[in-house]
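If you look up TrEMBL, you'll see GLY90, GLY92, ARG93, LYS113, ASP125, GLY126, ARG176, ARG183, ASP262 marked as ATP binding site. According to TrEMBL, the feature active site, proton acceptor maps to ASP252. Annotation comment: TrEMBL describes ASN253, ASP262 as Mg(2+) binding site.
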Amino acid sequence: MKSLTDLTFDNRFARLGDAFSTEVLPEPIAEPRLVVASPAAMALLDLDPEVAEQPVFAELFAGHKLWSEAEPRAMVYSGHQFGVYNPRLGDGRGLLLGEVVNAAGEHWDLHLKGAGPTPYSRMGDGRAVLRSSIREFLASEAQHALGIPTTRALCVTGSSTPVYREKRETAAMLLRLARSHVRFGHFEYFYYTRQLDQLKQLGEHVLNEHFRHCLEQEAPYAAFYREVVERTAELIARWQAYGFCHGVMNTDNMSILGVTFDYGPYAFLDDFDANFICNHSDDTGRYSFSNQVPIAHWNLAALAQALTPMVEIDSLRASLDLFLPLYQTHYLDLMRRRLGFVSADDGDASLVERLLQLMQSSPVDYSRFFRELGDSAPEQALGRLRDDFVDLAGFDAWAADYRTRLEREGGSQDERRARMHAVNPRYVLRNYLAQQAIEAAEQGDYGVVRELHRVLSRPFDEQPGMERYAERPPEWGKHLEISCSS
Ligand code: AMP
Ligand code: MG
């Protein structure tokens, strides 16, 4: 275990120089206090969870202190926002503090979000509010616990510094960890500004530090792009299988590592709705739940365009064409497991599709459905779940086909429950739960967010005493409008 002060830094991205990022010091927030920390994320830096209680911890992650080897920099990037190219984005309110090397030799980016103005802040104040910092913290750690690749969150620090959004709020900082903060938009920036040497330099950095195995391929950049397609297909399959709606799939919010990146007005579905739009500002539903699949494909095409100086167009096209079939394979595989199937059958895709159609027209809680399906023997479970469906004849027909399909799997009910519970969470980060934790934290009570984080870090386990976090959301909780302001 390491003490807070002896982290080892190796700032590879900073060494790329001023064409890639600008040196900026964090601007501290007043009266810093620890809101919540993640012991699992701390372990990635070899930190003992107890160091979170030391005053220096909150000071470091609120911009009051800095390691001497840290080299805080704001990264430049651009990207397509809601389908429109924005030539200059960049870290407007976050800084890459540096890269820490852990005992296993892994590099982890320390990114402090809400660290004050930078040359990329445009009209913004460079701040993040407590509300959005808690939301990103909870989602990062919950997503990880579900087995969905994601950036991680080390901690949130709160403060008394005022910040003005729709109303007066307080500033907070989130310490985000990722193996890399390079986004699709980084490549787009150098491509559209015709800085082709820098584009190549960025590509070399990414290959050397993150896709080293691609260097052994005949065409390393082509292999890199193909792998981004593969990783993104797997990521989106997990989002769709678990009902995660990102809300702002702009290309500057897409990680080249295929991890969930930049949590904004996201939501996990309560009642299943393929057309669900979680972002209050998304009037046309560009980023609706079911659109996430074609949008990921669109975003990958935007990345391909930026790689045309390095990769043959035919090769980019061939890799892009892999997206949909790869997505479908991963998605179906996960949905089979969610339904308790071990083997694959030709009829499975249609069984999944029929179930979702029945859910679409009924008030069925998406997450609870799968958990309850595994709770008891099929006949009892289906009998109980039936009550939530409007089309009872349709459900009965589906249930009969499901039971027939299940008979082919064999095994006892105990085995079925164990394998289903291992993939179907009992605890899901519902918007209303996050909202309750935020409201308590805004009153200075951090107990709720800490407890919720603890529960969500073991989403598949029964946790006696924590049942309230697994309940159906109240009606008001299903229709929260999450604003983009953060
Ligand atoms: P986001 O919607 O958080 O992905 O941010 C989109 C862009 O706006 C990024 O370049 C951010 O750095 C920038 N941005 C968002 N909020 C602020 C803010 N309060 N101050 C400065 N820049 C911001
Ligand atoms: Mg962003």
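Note: Cβ is positioned from N, Cα and C throughout, glycine not excepted.
Here the features listed in TrEMBL are painted onto the structure.
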residue: GLY90; record: ATP binding site; Cβ neighbours (10 Å): 22
residue: ARG93; record: ATP binding site; Cβ neighbours (10 Å): 21
residue: ASP125; record: ATP binding site; Cβ neighbours (10 Å): 15
residue: ARG176; record: ATP binding site; Cβ neighbours (10 Å): 27
residue: ASP252; record: active site, proton acceptor; Cβ neighbours (10 Å): 22
residue: ASN253; record: Mg(2+) binding site; Cβ neighbours (10 Å): 21
residue: ASP262; record: ATP binding site; Cβ neighbours (10 Å): 22
Report the largest Cα to Cα distance, in Å and rounded to a whole number, among the residues GLY90, GLY92, ARG93, LYS113, ASP125, GLY126, ARG176, ARG183, ASP262 that the record lists as binding ATP. 22
Rounding to whole Å, the Cα atoms of GLY90 (ATP binding site) and the residue listed as 'active site, proton acceptor' are apart by 9
Separation of alpha carbons, ARG93 (ATP binding site) and ASN253 (Mg(2+) binding site) (Å): 14
Between the Cα atoms of ASP262 (ATP binding site) and ASP252 (active site, proton acceptor), what distance do you get, rounded to the nearest Å? 9
Work out how many Å separate ASP252 (active site, proton acceptor) and ARG93 (ATP binding site) at their Cα atoms, rounded off. 14
Under 6 Å from ligand 2 by Cβ, which binding-site residues from GLY90, ARG93, ARG176? none
How would DSSP class ASP125 (ATP binding site) in three states? coil
